[in-house]
Amino acid sequence: MAGAPGPLRLALLLLGMVGRAGPRPQGATVSLWETVQKWREYRRQCQRSLTEDPPPATDLFCNRTFDEYACWPDGEPGSFVNVSCPWYLPWASSVPQGHVYRFCTAEGLWLQKDNSSLPWRDLSECEESKRGERSSPEEQLLFLYIIYTVGYALSFSALVIASAILLGFRHLHCTRNYIHLNLFASFILRALSVFIKDAALKWMYSTAAQQHQWDGLLSYQDSLSCRLVFLLMQYCVAANYYWLLVEGVYLYTLLAFSVLSEQWIFRLYVSIGWGVPLLFVVPWGIVKYLYEDEGCWTRNSNMNYWLIIRLPILFAIGVNFLIFVRVICIVVSKLKANLMCKTDIKCRLAKSTLTLIPLLGTHEVIFAFVMDEHARGTLRFIKLFTELSFTSFQGLMVAILYCFVNNEVQLEFRKSWERWRLEHLHIQRDSSMKPLKCPTSSLSSGATAGSSMYTATCQASCS
């Protein structure tokens with residue numbers, strides 16, 4: 001643990017806090033909290049040994065010490081001193097024969113690094129790279145960490161651009177797009193909360209590692225700020241699931257009911273999307289504070305407490321899956337009613353299905369009911385890969401389907417381009433032929449007619 005942490009170790013610790021939407025069960029992959037607890041116990045044992053062991057027989061020797069990494073006995077002058085790799089390391093079982101080395105000089109002083117007051121030591125046999133397993137769990141977790149970081153970054157960028165587009169064009173302001181904007185906001189907040197959590201843990205871990213302040217790791221995990229960051233992430237994730245549910249319910253109401261009071265129903269949707277998650281995230285935080293107030297709330301000693309959050313999210317996933325099935329049935333019936341050939345029906349059905357999966361979060365059903373405490377080994381990796389990869393890129397797919405390839409958005413861009421082109425052409429004509437005035441009445445009437453037609457179209461499609 002001396003020095004800055006390697007990428008594998010950091011990815012492992014970050015993923016220990018991710019899972020699907022929350023803490024991992026006790027007994028799953030090693031966490032930062034567990035590692036520092038083991039380090040504390042190792043330090044206690046070392047300090048007891050340093051106090052109780054008898055002094056050496058000679059007067060000249062290198063003093064026994066604990067250097068925040070390993071426990072060193074008294075050293076004989078002019079010799080190498082070695083101790084086994086510290087057992088608190090998460091990968092200690094993979095380097096059972098490894099040792100860390102120091103050199104005791106003839107003067108009875110520990111050899112120091114060049115141009116430094118720190119003692120020299122060789123811990124190459126205890127490093128992660130010496131474990132020999134190219135497909136180790138930590139390397140798999142590093143791969144997942146890279147995947148979900150790239151996914152959230154792309155999703156965040158695409159969603160910000162898509163939100164600006166929907167807000168920038170006045171003709172796109174309608175109930176349907178307001179719902180889309182709230183869904184975009186939930187994805188943006190989810191990505192931001194993950195970035196904040198990762199950045200906080202990375203900064204805290206790296207700083208403590210460089211300064212050998214391992215107690216600072218645990219004190220941060222025990223701090224209010226760490227728990228608030230994690231509580232915020234839980235709320236953002238829950239709100240994201242419930243805005244996906246709102247999208248599904250709204251889609252179904254459009255298909256099932258012909259007349260809707262959109263102003264009233266939009267207020268209801270806002271209450272569901274942003275309000276309902278508070279009803280179970282806040283109680284979960286209170287229960288954790290009262291009965292399981294340890295670490296950064298990333299561990300679940302009692303999985304019943306985690307069900308306070310998990311069950312409402314499973315409910316949202318289940319309802320959206322039922323809506324997905326119902327919508328597919330409606331699409332099939334309408335395609336058959338149009339007397340299309342079987343090939344066209346299959347193609348259109350496949351297109352509709354693939355489009356609805358990211359929009360409703362249907363992929364969540366695959367592992368929705370596989371609880372974290374039951375996932376081990378390969379199943380756990382597949383579960384993590386499916387959830388983290390699909391969820392992180394889902395915002396990007398939603399932005400593409402709801403905005404970038406949307407016909408109304410493309411029409412607005414074409415209209416804006418034509419308007420700019422006509423205005424630019426008009427300015428060029430005015431500057432080159434000032435005596436001649438171009439009549440604008442026809443252009444104005446044409447533009448007005450086009451705008452009215454599009455407004456009516458948008459209102460019809462948004463109703």
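Yeah, the Cβs are placed from backbone N, Cα and C, and that goes for glycine too.
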Per the topological domains given in Swiss-Prot, are Thr175 and Lys415 together on one face of the membrane? yes
Feature ADP-ribosylarginine, as given in Swiss-Prot - residue among Arg64, Arg121, Arg176, Arg348: Arg348
Looking at the disulfide bonds in Swiss-Prot, identify which of Cys46, Cys62, Cys71 pairs up with Cys104. Cys62
Looking at Swiss-Prot, which of Cys46, Cys126 bridges to Cys71 via a disulfide? Cys46
State the disulphide partner of Cys296 as given in Swiss-Prot, choosing from Cys226, Cys236, Cys347, Cys403. Cys226
Select, from Cys126, Cys341, Cys347, the one residue given the annotation ADP-ribosylcysteine by Swiss-Prot. Cys341
So which range, 300-303, 352-355, 376-379, 392-395, gets flagged region 'Important for allosteric inhibitor binding' in Swiss-Prot? 352-355
Structural state of Cys71 (disulfide bond), classified by DSSP into three states: strand
Secondary-structure category, per DSSP, in which Cys296 (disulfide bond) falls: coil
Nearest to Cys226 (disulfide bond) by C-alpha distance, among the recorded positions Asn82, Cys85, Asn115, is Cys85
Any idea what the model's mean pLDDT is for the topological domain 'Cytoplasmic' (252-265)? 74
Helix, strand, coil residue numbers for the topological domain 'Cytoplasmic' (165-175) per DSSP? 8 helix, 0 strand, 3 coil
Taking the Cβ of Cys62 (disulfide bond) as the reference point, list residues of the same chain whose Cβ is under 8 angstroms away and which are at least six residues distant in sequence. Asp74, Gly75, Glu76, Pro77, Val81, Arg102, Cys104, Thr105, Gly108, Leu109, Trp110
Looking at the stretches 140-164, 176-201, 306-328, 384-404, which one shares the most CB pairs under 8 Å with the transmembrane segment (228-251)? 176-201
Among the glycosylation sites Asn82, Asn115, point out the residue whose Cβ has the most other Cβ atoms within 10 Å, with all shown protein chains included in the count. Asn82
